[in-house]
Amino acid sequence: MTELSPKYNPAEVEAGRYQKWLDADVFKPSGDQKAKPYSIVIPPPNVTGKLHLGHAWDTTLQDIIIRQKRMQGFDTLWLPGMDHAGIATQAKVEERLREQGISRYDLGRDKFLDKVWEWKDEYATTIKEQWGKMGLSVDYSRERFTLDEGLSKAVRKVFVDLYKKGWIYRGEFIINWDPAARTALSDIEVIHKDVEGAFYHMNYMLEDDSRALQVATTRPETMFGDVAVAVNPEDPRYKDLIGKHVILPIVNKLIPIVGDEHADPEFGTGVVKITPAHDPNDFEVGQRHNLPQVNVMNDDGTMNELAGDFAGMDRFEARQATVAKLEELGALVNIEKRVHSVGHSERSGAVVEPRLSTQWFVKMDELAKQAMDNQETDDRVDFYPPRFNDTFLQWMENVHDWVISRQLWWGHQIPAWYNAEGEIYVGEEAPEGDGWTQDEDVLDTWFSSALWPFSTMGWPDTDVEDFKRYFPTSTLVTGYDIIFFWVSRMIFQSLEFTGRQPFQNVLIHGLIRDEEGRKMSKSLGNGIDPMDVIEKYGADSLRWFLSNGSAPGQDVRFSYEKMDASWNFINKIWNISRYILMNNEGLSLEEAESNVAKVAASEAGNVTDQWILHNLNETIAKVTENFDKFEFGVAGHILYNFIWEEFANWYVELTKEVLYSDNEAEKVITRSVLLYTLDKILRLLHPIMPFVTEEIYAQYAQGSIVTVDYPTVTPAFENEAAHKGVESLKDLIRAVRNARAEVNVAPSKPITILVKTADSELEDFFTSNVNYIKRFTNPEKLEISSAIAAPELAMTSIITGAEIYLPLADLLNVEEELARLDKELAKWQKELDMVGKKLGNERFVANAKPEVVQKEKDKQADYQAKYDATQERIAEMHKLVK
């Protein structure tokens, strides 16, 4: 047995430990065919950069689950991997190239992709280093990447099969266009933000100049693509105009007036300009009336030649120029300022442009129906918390067809080929013969990510061992922000292609926020690098904080104060471990287990030993129950209370009565219970704190704690009598300590303690354990009896089954205490007067920073609480001397 260093130093504890685990292959599946499999696939982080605190939280929860299941004897697989993240990674590489004055077009597709692969290799290495720092017990022999050949094969098969079923189609429709990334976006890649904008009201004159029709738009630059104006066919103001024409301002082109129910007589003037190539509703109107589709923008958001004098201008520059021209022509009626919702690209942040474009789509109605129907079966996916099942179903009920093509170079190139005759060939391999050109677009990143749970297991080969044994996976851990992006798509793709759900459970967590509750972002500058936190506090401290920060589905607020508390808790565990191991005298764990069995059988030990084993049993049961429900915060609270309060503050202190005695037989039993309980604590903690538990475990046992058995309940430890007795003993000791503190009597001063109880069993228990009472209360005189009369002047405390009297004469000089309290009251009054004067100054309140004013208000509340408490104490003292 070696000795723990005097001070807990996480850097020393964690250094080299991860590599030792990897060298020992402890993270690989056991291969035990009799064991029940338990598998998790890691939500693959994007190879766009370093991992953030949200990744640390997400992976910590997964590691807790997989480590516990491994210890419980499951055949566990935690499969790691990364996502190519098409649009995001390409944007990062293009940004790096721009800094060198190079564009992707300068390089060409192949050389540009070489640069992206270099980026991927660089950041994949960084991510794996971060995983190691976090202590993640993943099986690297099964690591996957979404552009691996095996996964690419799965992607091609899914695309081709859906195409053959008619569930993937190509067509020209209005899509969300990102002018910065120059690619299409799906609906859920668009973030809507309220922005300051305007409605521009303008007149379109009838061709005979008899009257003008007023229309309004937030995007006047699109008017060059107007091909009609629409009125409601039932609107008496305009129905006689249907079939006539108006003159499109600036362009001086005649466009028809059509009757369509899209025009709402109750909204605005009841007249709507129709721009089929730049608005989804207008596109539908155009389809109904066979109107032309005029696209007036380039893919970078500049105006094309159809915008006339405005060609080449950025769309927002063109907006102002168009409005100025309309005003010059007298066609601008007014500008109505208003805040409205505008879509922004989730990746680039650019304002999204609705744009007519030829794209590939997934038809969603049947896939969504399968997913919703499955939630009514025994094969459903269980969400934790359950409310997210409703979120999932609601989205599925309202889902639109999914645009899956992206105008990028980095990603899975669409397996479709075209020839000069206009034929399309879709297949897993290129068509035979010459004259075929592959579609240059790539698939949406989420298309390949949706196959992650089964493509990583070897699908479409369903005979491989991993697919047969570990699919469906057991649990997915992910944030609520990607239920739509990813979780839902994995479910419907898995059901369609494997006939099974992709995972049995989904544990949803929230977002990491800063101390003020704000989302962490670059713009706010409040992001936290988890590696910086680990460098200061250690991975175990960070993991403890992340696992205890919130309940499933809730956000967590990061603060360094909480990190300090996490470190302090581990330091406490370290110190009590040192105490136990230093007093261990060479006792082995096997010997300790044998001696503990004697305690459970009441053949050895004392009531405090039986009490701690009973409480350990309860702790094991409650922690396991909450782990099974993914309530790690509740489990952590139970562990913290047992370790710090019951074990360290009470049992370890109680054992000193034995360890400092001359009774060698009792010492062996006490050491055994200490070592046994510590061992179970370390095993319970290991899934959360892998490094420090391994370090301490190695001091008294062989092998790694990673693969030892997880604690289970021992029926023989149940002992309600011992539990009840020691809890009463603790109540008595606490009551005396509190009374001392109330009247400022030092623990070192001996006092008289009178314990009155009519419960003969309790009296016998206190009497037989009087040594513990004396050790913790320092009495000059201690009486325990049913015949005690209450003294006239005494502090009285009532606990279950007993009354405790502390004669006042032994405690303090009442007159001196009252004088001291009067001085204290005057002090708090003075502080209240000072802060009250400051807050009563209107100039101070008006001109000082809000946080300064709040600080003074906090002071006032604190002083008032102290003043009130002192007043109450004075009143109590007066009652005692009456």
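Every residue, even glycine, has its Cβ placed from backbone N, Cα and C.
Swiss-Prot lists motif ''KMSKS' region' at one of the ranges 69-73, 129-133, 519-523, namely 519-523. As annotated in Swiss-Prot, motif ''HIGH' region' covers the listed stretch 45-55 rather than the other ranges in 23-33, 45-55, 232-242, 298-308.
Within the model, the motif ''HIGH' region' (45-55) shows a mean pLDDT value of 92, rounded to a whole number. Assigned with DSSP, the residues of the motif ''HIGH' region' (45-55) fall into helix, strand and coil as follows: 3 helix, 1 strand, 7 coil.
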